[in-house]
Amino acid sequence: MTLNQLLQKLEATSPILQANFGIERESLRVDRQGQLVHTPHPSCLGARSFHPYIQTDFCEFQMELITPVAKSTTEARRFLGAITDVAGRSIATDEVLWPLSMPPRLKAEEIQVAQLENDFERHYRNYLAEKYGTKLQAISGIHYNMELGKDLVEALFQESDQTDMIAFKNALYLKLAQNYLRYRWVITYLFGASPIAEQGFFDQEVPEPMRSFRNSDHGYVNKEEIQVSFVSLEDYVSAIETYIEQGDLIAEKEFYSAVRFRGQKVNRSFLDKGITYLEFRNFDLNPFERIGISQTTMDTVHLLILAFLWLDSPENVDQALAQGHALNEKIALSHPLEPLPSEAKTQDIVTALDQLVQHFGLGDYHQDLVKQVKAAFADPNQTLSAQLLPYIKDKSLAEFALNKALAYHDYDWTAHYALKGYEEMELSTQMLLFDAIQKGIHFEILDEQDQFLKLWHQDHVEYVKNGNMTSKDNYVVPLAMANKTVTKKILADAGFPVPSGDEFTSLEEGLAYYPLIKDKQIVVKPKSTNFGLGISIFQEPASLDNYQKALEIAFAEDTSVLVEEFIPGTEYRFFILDGRCEAVLLRVAANVIGDGKHTIRELVAQKNANPLRGRDHRSPLEIIELGDIEQLMLAQQGYTPDDILPEGKKVNLRRNSNISTGGDSIDVTETMDSSYQELAAAMATSMGAWACGVDLIIPDETQIATKENPHCTCIELNFNPSMYMHTYCAEGPGQAITTKILDKLFPEIVAGQT
């Protein structure tokens with residue numbers, strides 16, 4: 001079967017860039033002095049027996065981060081960024097991830113084999129340590145996984161003379177593997193980033209700096225007698241099987257090639273079931289990137305892989321691959337500033353890249369990537385290894401690496417309430433995703449704008465919307481809670497205290513009600529909104545003008561409005577999950593405190609500069625507005641936004657204390673009497689709610705609550721209650737909620753970890 005010139009036959013509009021990607025990144029855990037740590041793999045990261053994203057490689061201190069399959073290089077890096085964020089915040093606070101492929105100074109006896117549950121995996125690692133030595137096992141890197149797109153493969157298949165898709169794909173990936181190994185020196189030259197080994201790593205003197213220790217024969221390679229042919233897939237499979245039968249290899253995965261066929265559990269299955277994708281294993285960690293690989297590297301490699309497919313297969317495969325290995329070794333061992341040797345035929349690569357880009361009409365971005373490759377071929381200063389040279393001090397990169405590691409650690413802990421790369425999603429959803437990754441629960445974002453997730457563990461699948469809307473809630477429950485009239489009736493029928501009031505469907509009806517409430521404290525609010533939108537509170541009798549404004553604000557949010565009695569006391573939010581109170585929050589209304597110098601408008605701007613404040617529930621605290629509601633509140637207190645407040649004078653900008661309207665959060669879970677927590681849970685249960693926010697007004701929290709004498713009033717139940725405000729509070733310890741959501745959804749994971 002010949003595949004030469006097949007790519008050239010495709011239409012220019014063919015989906016040439018269609019592919020699936022995955023990244024595996026290895027990194028060592030070190031302390032803040034750059035020394036290897038001897039702590040076990042973090043227990044908060046769940047069980048390594050099933051964790052899909054965070055594993056240990058050879059050493060107990062060597063983390064392996066694994067992305068799910070992504071449809072683009074950008075999404076693959078986004079996955080890796082999030083997993084790196086989780087890993088960085090799951091290790092001990094005095095630990096960081098080493099950003100280099102080559103380890104810091106170490107002794108062989110320091111290296112502890114990963115303490116895995118699987119007997120074979122432990123035995124396998126002990127075998128490797130005995131055979132290859134332990135120091136080499138501490139070398140880390142990046143594995144770049146790629147599957148050609150389904151439509152692209154189908155288009156190539158249609159252009160071929162083949163009738164068997166599995167055989168065709170096998171031939172396609174075999175050709176790609178052959179040319180990748182033939183030209184692997186290109187990867188080493190451009191992206192090699194392990195120019196030195198720290199003192200004591202090798203027993204003998206090794207010339208340095210070089211382009212890549214890891215990608216030379218000084219790195220992690222098989223014994224010289226292991227020679228596997230890539231002439232055919234059958235030859236490849238049979239050779240490895242023979243080495244295992246002879247005892248030269250213990251398992252198929254002990255064959256360490258720069259490229260590995262993937263998609264089946266055993267190699268022989270490739271012959272009848274087919275190769276699914278390729279794993280390219282010869283990438284050094286890029287220490288200039290927090291996640292170890294840049295976007296331009298990902299996309300340049302993608303182009304190079306397609307160029308290898310564009311090029312013809314070698315006529316003599318074994319000879320071409322042997323020459324490619326020798327050339328790679330020469331380039332890996334050469335000084336980072338040494339030009340490419342004459343036998344490195346860069347023109348073949350450049351021509352293939354140019355023709356590929358031209359044939360498929362790729363845009364400026366990909367054209368610029370090709371220009372960068374050409375420039376690096378001409379000038380080794382532009383290669384990654386050369387860029388590391390200025391940071392070598394006394395034949396060591398330890399100081400540079402530690403500074404980078406600490407900087408990346410600090411970045412992980414910046415805005416630690418968010419999940420890196422997913423900041424545009426709701427904060428509660430980000431927190432749930434963080435915990436899902438940490439626990440080892442598979443995830444897929446079904447609709448990012450709608451905050452809709454698919455979570456699964458083995459065959460157990462759960463769908464989650466907005467952080468806590470799940471199959472555990474009956475469909476009608478959130479509909480009932482969205483309707484405040486229905487909520488009040490259900491609670492009242494169950495014997496729980498609710499405020500009295502009336503409902504109106506027009507401004508005229510509401511205004512006609514004014515004579516009945518003109519001398520009363522009242523609350524005006526929309527019938528069916530959440531997050532405190534459109535609510536006005538009058539602790540003093542409202543004038544007709546202010547009452548009308550409050551009605552207009554409420555009607556702007558809904559077609560029906562409630563006017564209720566104002567209940568004096570302190571408002572608390574109780575978070576109820578599955579019949580149990582998990583958190584209690586005191587919310588202080590949006591406010592500013594004067595300094596005698598600045599206007600209220602300026603004080604609001606100062607308070608909004610707090611990095612914890614943001615918009616759309618993506619930060620623990622919300623931006624304070626100066627809209628109609630806030631200005632009405634100021635007017636009731638005799639102020640305008642441009643007035644200067646006296647020093648120490650506190651002015652509230654809202655009557656309602658919702659965090660979503662700029663309030664402050666104070667965690668009082670540990671001090672709130674359990675009787676109120678139990679009463680709030682009973683209210684949620686009466687609604688049939690699984691996850692529910694219960695808002696209680698409590699005049700005196702020292703009084704013990706009972707159903708007969710509740711000493712409180714329920715002013716609202718909230719479906720899809722915010723979780724972040726309970727965890728990241730303005731004051732108090734905070735309560736983790738999202739992890740409890742996951743524990744309830746996947747109790748088998750909790751059971752498996754105890």
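Cβ atoms here come from the backbone N, Cα and C positions, even for glycine.
Source: prediction; values computed, not measured.
According to Swiss-Prot, the feature ATP binding site maps to 515-573, an assignment based on sequence analysis. According to Swiss-Prot, the feature Mg(2+) 1 binding site maps to Asp695, Glu716, an assignment based on sequence analysis. Per Swiss-Prot, Mn(2+) 1 binding site is recorded for Asp695, Glu716. Swiss-Prot lists Glu716, Asn718 with the feature Mn(2+) 2 binding site, giving sequence analysis as the kind of evidence. The Mg(2+) 2 binding site annotation in Swiss-Prot covers Glu716, Asn718 and rests on sequence analysis. The domain 'ATP-grasp' annotation in Swiss-Prot covers 488-746 and is backed by sequence analysis. If you look up Swiss-Prot, you'll see 1-332 marked as region 'Glutamate--cysteine ligase'.
Long-range Cβ neighbours of Pro515 (ATP binding site) (same chain, at least 6 residues apart, Cβ-Cβ under 8 Å): none. Averaged over the domain 'ATP-grasp' (488-746), the predicted model has a pLDDT of 93. Under the DSSP three-state reduction, Gln539 (ATP binding site) is assigned to coil, being neither helix nor strand. Annotation for Val523 (ATP binding site): same-chain Cβ neighbours under 8 Å, separated by at least 6 residues, are Pro499, Gly501, Ile535, Ser536, Ile537, Phe538, Leu562, Val563, Glu564, Glu565, Phe566, Ile715.
Fewest other C-beta atoms within 10 Å: among the binding-site residues Gln539, Asn718, that description fits Gln539. Neighbour counts of Cβ atoms within 10 Å were compared for the binding-site residues Tyr547, Phe555, and the top value is held by Tyr547. The two recorded residues, Asn718 (Mn(2+) 2 binding site) and Asp695 (Mg(2+) 1 binding site), have Cα atoms 8 Å apart. Less than 8 angstroms from the CB of Glu571 (ATP binding site) sit Leu586, Arg587, Asn656, Ser657, Asp695, Leu696, Ile697, Ile698, Ile715, each of them six or more residues away in the same chain. Spatially close to Glu716 (Mg(2+) 1 binding site) yet at least six residues away along the chain are Lys484, Thr487, Asp695, judged by Cβ distances under 8 angstroms. According to DSSP, Val523 (ATP binding site) sits within a strand segment.
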